[in-house]
Amino acid sequence: MDGKDKATGKCPVMHGAMTAAGVSNTSWWPNALNLDILHQHDTKGNPLNGFDYRAAVKGLDVGLRADLHALMTDSQPWWPADWGHYGGLMIRMAWHAAGSYRAADGRGGGNTGKPARFAPLNSWPDNVSLDKARRLLWPIKKKYGNAVSWADLILFAGTVAYESMGLKTFGFGFGREDIWAPEKDVYWGAEKDWLAPSDGRYGDLAKPETMENPLAAVQMGLIYVNPEGVNGQPDPARTALHIRETFARMGMNDEETVALTAGGHTVGKAHGNGDAKALGPDPEAADVTVRALAGRTRIWAARRRRPSPRGSRAPGPRIRRAGTWAISRCSSGHDWELTKSPAGAWQWKPVTIAEEAKPLDATDLTTRHDPLMTDADMAMKVDPSTMRSVRSSWPIRPPSTTLSRAPGSSCCIATWGRRRATSAPMCPPRIWSAGPGAAGPTGWDVAKVKAQIAASGLSVADLVATAWDSARTFRQSDYRGGANGARIRLAPQKDWAGNEPERLAGACGARTDRGGAGASVADVIVLAGNLGVEQAAAGVSRWRCPSPPVAAMRAAMTDGPSLTCWSRCMTASATG
């Protein structure tokens with residue numbers, strides 16, 4: 001039966017109209033103001049109906065940690081673990097979630113589980129096979145349900161993976177709440193193709209600092225830099241410059257970058273072992289029946305026997321060997337030469353290396369392979385500044401065994417904001433938590449301060465604009481900015497053109513002089529904004545409820561004076 005055919009008795013249900021690609025309002029009017037993003041955090045889209053996750057997670061069953069430890073060595077036939085341990089995969093999943101964070105606008109990061117679960121990041125080329133990592137976590141998520149969010153589970157899995165391999169971690173803080181749909185307000189770049197050349201992102205590709213803000217990754221579909229080199233052309237010295245800029249845009253310095261890379265690359269391996277054309281569709285394009293197993297290659301059984309190993313020297317990853325292996329690759333006397341992976345990607349291998357020094361095959365422990373370094377790894381060997389960071393930290397703490405947990409923790413925490421927004425006793429008390437400090441003074445005379453502000457001679461515009469300029473810097477993405485701390489009176493905010501520096505200096509100066517009675521400057525700025533709104537609304541009648549009967553309203557609206565009063569009431573309602 002077909003509802004489109006009226007001549008024969010067929011299905012009366014219309015097909016296609018609701019699924020066909022139509023023309024949206026945005027397509028018709030591309031310059032119209034798009035208000036969709038105002039609804040992306042609407043509670044109506046949350047299926048948990050007011051569930052307070054941050055309160056509930058405080059009672060999380062401690063068995064979660066044991067379950068994750070068990071998962072690490074429970075290799076599944078549909079996606080076997082490298083060396084019998086899923087640690088490398090879980091660490092990559094956690095880091096690619098946290099590492100999408102951008103300091104410039106606070107977007108990305110692992111705060112809501114969005115990079116791992118939703119487009120476009122769930123299908124980026126750099127995130128290939130991470131859907132399998134999430135699928136491995138599914139039995140645990142199903143067991144604990146709402147007691148642990150996807151956002152927390154993904155990052156905690158990375159933490160437990162390191163613990164399972166012998167690393168003592170800094171701790172972990174729970175409390176990240178999931179979102180339920182892709183975000184519409186994140187700019188990932190203007191390119192239309194995955195891995196499009198980097199040139200369009202830079203004013204001058206030779207100067208990494210000219211990358212378009214707020215971007216951090218060098219190409220569409222990558223988390224950081226191209227492992228083969230700038231635009232896929234190996235040149236370690238050139239790549240080093242882009243590494244420094246990209247990781248700086250994530251808030252990391254050279255030492256943290258070295259530690260993070262060494263710690264991650266030591267316990268994992270490269271997987272470019274076959275023809276990319278043999279891969280299936282990415283998760284977002286895959287059939288709904290295989291969404292958790294998308295991208296599997298048709299030659300998987302043969303492909304997994306031909307790995308390009310990277311990192312660990314032992315059949316099972318061992319963090320205790322990480323420093324002697326990963327960092328020695330950069331600082332030892334090995335000479336390296338360019339080669340290509342089975343997939344045709346540029347990489348580096350030792351010119352000579354003893355057989356016993358080669359890492360074991362991930363699946364056949366009787367076979368050894370040459371280790372590899374990406375162009376990004378080689379960049380740290382040839383860059384003098386990076387090597388100074390390696391050598392300065394090595395005598396005190398092997399970067400990949402101790403320090404690697406610091407940048408990983410800092411980037412995971414970067415999207416938390418205030419430490420009090422997190423839960424659980426494992427939360428590390430570090431400065432990364434961006435706490436607002438001690439609470440401001442209380443008990444001061446509000447009426448007295450308001451009177452002083454009113455007598456300052458500042459206009460309504462000064463009062464309201466300064467308060468709004470202070471508050472509007474708040475970023476829900478990483479909880480930075482906002483009125484706390486009155487940072488608007490300090491550099492760089494005091495010099496921003498959008499804050500009208502001359503007007504701002506006068507307003508803050510007047511307010512600070514009259515902020516007696518023990519009030520903080522931050523509180524006085526906000527209070528002054530409230531006073532400005534009150535002054536603007538002074539003398540305006542408030543809306544009365546219930547409204548007059550419709551008939552009486554219609555009669556009144558024919559009268560000119562009534563229309564004027566009506567307008568004033570509507571204005572007061574909007575202002576209030």
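Every residue, even glycine, has its Cβ placed from backbone N, Cα and C.
Residues annotated as site 'Transition state stabilizer' in Swiss-Prot, with sequence analysis given as evidence: Arg92. Here Swiss-Prot flags His96 as active site, proton acceptor, drawing on sequence analysis. Per Swiss-Prot, the feature heme b binding site maps to His265.
Distance noted between the C-alpha atoms of His265 (heme b binding site) and Arg92 (site 'Transition state stabilizer') is 9 Å. Ranking the recorded positions His96, His265 by the number of CB atoms within 10 A of their own CB puts His265 at the top. Neighbours of Arg92 (site 'Transition state stabilizer'), defined as other CB atoms within 10 A of its CB across all chains, total 23.
The residue listed as 'heme b binding site' carries a helical DSSP state (H, G or I).
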